[in-house]
């Protein structure tokens with residue numbers, strides 16, 4: 001049976017990628033259908049109850065700057081907020097929020113249900129409708145056909161999902177949910193490169209059975225940060241304490257005793273796990289000389305006693321899990337409410353995608369989230385937003401848009417995946433970005449919101465708030481540039497008390513703010529500066545003053561590299577014609593098909609010398625072609 005309404009975009013999956021994809025498409029005015037196997041699990045946090053962290057909060061802010069939901073939902077559901085790397089430079093500072101699972105999920109669902117142009121429908125998808133090599137719809141498990149101009153697939157861990165606890169395993173997309181096996185089989189018939197990855201989760205613990213008095217308390221920051229540019233501290237629910245405890249030598253002995261029944265060490269699991277979030281058995285095996293590993297004990301919510309012991313993800317047999325947990329300080333009488341487990345699932349080589357996240361082999365089909373080999377809610381949400389907006393633009397007959405590496409961490413994420421691929425779950429870090437001083441958490445709106453408005457992603461409320469901030473920055477910068485402090489005045493004496501060497505000639509306030517001893521607050525106090533602006537404007541003034549030289553230098557580097565970054569490589573380019581390229585380089589370039597010289601240069605094994613040869617070849621043939629046309 002065919003559904004009566006045709007949609008512009010269909011999104012399969014209601015996780016973090018799927019919800020951002022559906023919302024982005026609908027915000028752009030395109031009729032959008034979100035299909036999920038269970039409406040009650042929309043926006044569910046399947047693993048840890050937290051959003052943000054190093055590199056990840058940068059993605060959340062970028063999603064937010066483009067009108068996405070993750071940041072706002074975090075402010076409404078966050079029960080502890082902390083700024084990580086607060087004493088380091090602004091490029092690596094990151095906000096992390098502990099979230100109440102139910103409050104977060106409710107915020108996402110409310111956003112979905114109130115979004116114009118968006119329809120929700122509860123049905124699992126078993127098949128794709130393909131006509132003339134193009135994806136034009138989907139078929140649900142009850143045979144209902146939905147047709148569309150574009151389809152975004154965000155299946156998470158559900159494609160061929162297998163859950164492992166010890167040597168026992170069963171099919172599942174996550175605990176309590178069936179996998180999408182029919183769809184997984186259908187996708188394996190298509191010309192995509194498919195492999196397996198693994199992720200895991202720790203056992204959950206009943207807080208009533210835990211002795212918190214022997215653990216280290218970890219409270220959130222005060223004053224409280226916010227995650228969204230539109231966020232307000234008043235939106236935050238009650239704030240709670242997290243705790244820290246540690247494994248010990250006894251814990252590690254218990255874990256080692258279960259290695260012979262571990263699916264990881266007996267070859268039962270083939271998939272590769274996340275390097276930066278290893279299981280506790282992997283850590284014990286990899287670091288045999290380490291007697292202790294830190295565990296963050298995180299509340300799951302305000303209305304539950306369940307705890308998430310971050311740091312002991314495991315797929316060991318349940319009896320080993322229970323013994324290991326009870327050997328940990330504070331957990332001696334712990335009751336496990338849900339066992340930890342590992343899950344194996346299908347993912348598809350992201351090198352088979354375009355930068356728009358549309359698949360190369362099937363027009364109209366987009367992939368986003370863990371299906372592309374990433375791990376993390378934030379990475380999924382960022383891909384979902386990009387896939388959703390480009391699916392909508394395809395429906396509108398418009399060209400795709402993807403941010404460059406120097407514009408956004410979203411650009412870094414997508415370019416890394418497509419240029420280099422991944423053989424393990426990919427996680428974002430600030431170290432992955434060459435231009436991280438320009439791609440800060442605090443300026444994602446200044447980088448992206450204007451473009452988001454142009455794309456149709458940003459609504460009036462966000463646009464007004466952005467303009468107020470931008471205008472405030474311009475006004476304050478002008479004021480600081482034109483307010484002078486002259487030697488031997490009361491203002492100069494007040495400033496001299498804060499700095500090592502006294503002022504010998506006049507300075508404007510912006511130049512004074514470049515000095516490491518001075519902050520906006522103590523400088524404004526010293527010169528009795530009235531009518532101080534919003535804290536976000538003050539933050540920008542300090543960063544732009546103190547890091548001006550570094551920021552200008554990075555901007556110059558970007559400008560120099562822009563030529564290579566934008567030099568297009570023809571789709572059917574014959575790399576065999578370029579003399580001097582090694583067979584390895586020819587093979588990699590022919591396989592990956594980079595779109596630009598800049599992208600080609602980031603492929604492992606493609607040397608700067610090879611890029612120079614390509615550049616010379618392109619210039620030579622461009623001139624030959626031009627001469628032939630003139631003749």
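Here the Cβ of each residue, glycine as well, is placed from N, Cα and C on the backbone.
Cross-referencing 351, 360, 370 against the FAD binding annotation in Swiss-Prot, which names 13, 14, 15, 16, 17, 18, 125, 180, picks out 370.
Comparing the Cα of residue 279 (NAD(+) binding site) with the Cα of every entry in 13, 15, 17, 125, 370, these being the binding-site residues, the smallest distance points to 370. Rounded to the nearest whole angstrom, the C-alpha distance between residue 370 (FAD binding site) and residue 275 (NAD(+) binding site) is 15. Counting in whole angstrom, residue 125 (FAD binding site) lies 37 from residue 283 (NAD(+) binding site) by their C-alpha atoms. Non-local neighbourhood of residue 273 (NAD(+) binding site): 197, 198, 199, 200, 264, 279, 282, 342, 424, 425, each in the same chain, at least six residues away, with C-beta under 8 Å from its C-beta. Every protein chain shown contributes to the tally, and the Cβ of residue 279 (NAD(+) binding site) ends up with 26 other Cβ atoms within 10 Å.
A separation of roughly 20 Å, to the nearest angstrom, links the Cα atoms of residue 17 (FAD binding site) and residue 277 (NAD(+) binding site).
Around the Cβ of residue 370 (FAD binding site), 29 further Cβ atoms fall within 10 Å across all displayed protein chains.
Largest CA to CA distance in the FAD binding set (13, 14, 15, 16, 17, 18, 125, 180, 370): 18 Å, whole number. Comparing C-alpha positions, residue 15 (FAD binding site) sits nearest to 275 among the binding-site residues 275, 281, 283, 285, 287.
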